[in-house]
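J.: Dropping the structure in here first, questions after.
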Amino acid sequence: WIMGHMVNNINQIEEFVSLGANSIETDVSFDKKANPEYTYHGTPCDCGRDCLRWEYFKDFLNGLRKATTPGDAKYREKLILVVFDLKTGSLYDNQAYDAGKSLAKNLLEYYWNNGNNGGRAYIVLSIPNLAHYKLVTGFKETLKDEGHEDLLEKVGHDFSGNDDIPDIESAYKKAGVTGHVWQSDGITNCLPRTLKRVILAIANRDSGSGIINKVYYWTVDKRSTTRDSLEAGVDGIMTNYPDVIADVLSEAAYKDKYRIATYDDNPWETFKA
């Protein structure tokens, strides 16, 4: 999965997919009542990027729905996965459940079109704080209450705070999550970071007894870091330059080992070579 980083404006969806992304990451900020309000990152952000692009969340979901609904003029077949980077840092811990509830209602109405030929992309809810695990509970219970439990098949999870993996496993246990787990590791492109924790996450993924199904590394803009990530065995690379990642994937060392995921590849299944 080539994951376009910080895609917060509808026009950027097309831009990143054209460069080779089959997945995008979108920042979601919340208002004081725990309702998702904007797709917005703000400053500071990655070096070399405009941090201030934004949409209202509902408008972004409408644009995203069009880009992922077969038959729509804006449809882009390659775009199969969306990571919502949920900026819950502005919320009190006790608002996490409500944030999940509101997020589910928004996605149901504006992205899934109330279950009537909505967008088809898989969705990862990425939460920066383990204490906010109730966001997952609120999200799941709301979809069930609304009669759309089937849509949970399209939803996965990530805790993005670079926490210790046993702590992440215990947060999932509290949230009642047993699968559909992506694990991120990384840091802004302005700073270097080793692959130490990525390697631990991959070991958990491949152990057969861990909770992790997929591992992605962010933010990777250099060819050398891309190669290191592929050597380690990641499933996804988040980047500001999808064309760089696509380029490296076509190199002799990788083109037979890796391919770009399509809609038929289940993002919740651990890949077995």
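Using the three backbone atoms N, Cα and C, a Cβ is placed for every residue, glycine included.
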J.: D50, D59, D72, D85: which one does Swiss-Prot list with E25, D27 for the Mg(2+) site?
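T.: Given E25, D27 bind Mg(2+) in Swiss-Prot, the matching entry from D50, D59, D72, D85 is D85.
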J.: Which one, C45, C190, is listed by Swiss-Prot as the other cysteine in the disulfide with C51?
T.: C45
J.: Quick check for you: of the recorded positions H5, H41, C45, C47, C51, C190, which have their Cα within 10 Å of the Cα of E25 (Mg(2+) binding site)?
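T.: Within 10 Å Cα-Cα: H5.
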J.: Once the chains shown are all counted, how many other Cβ atoms turn up within 10 Å of the Cβ of D85 (Mg(2+) binding site)?
T.: 25
J.: Rounded to the nearest Å, what's the C-alpha distance separating C45 (disulfide bond) and H5 (active site)? Just drop the number here, would you?
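T.: If we compare the Cα positions of C45 (disulfide bond) and H5 (active site), the gap is 11 Å.
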J.: Within 10 Å of H5 (active site) (Cα-Cα), which of the recorded positions D27, H41, C47, C51, C190?
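T.: Of D27, H41, C47, C51, C190, within range: D27.
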J.: According to DSSP, which of helix, strand or coil covers D85 (Mg(2+) binding site)?
T.: strand
J.: What is the interatomic distance between the Cα atoms of D85 (Mg(2+) binding site) and C47 (disulfide bond), given in whole Å?
T.: 18
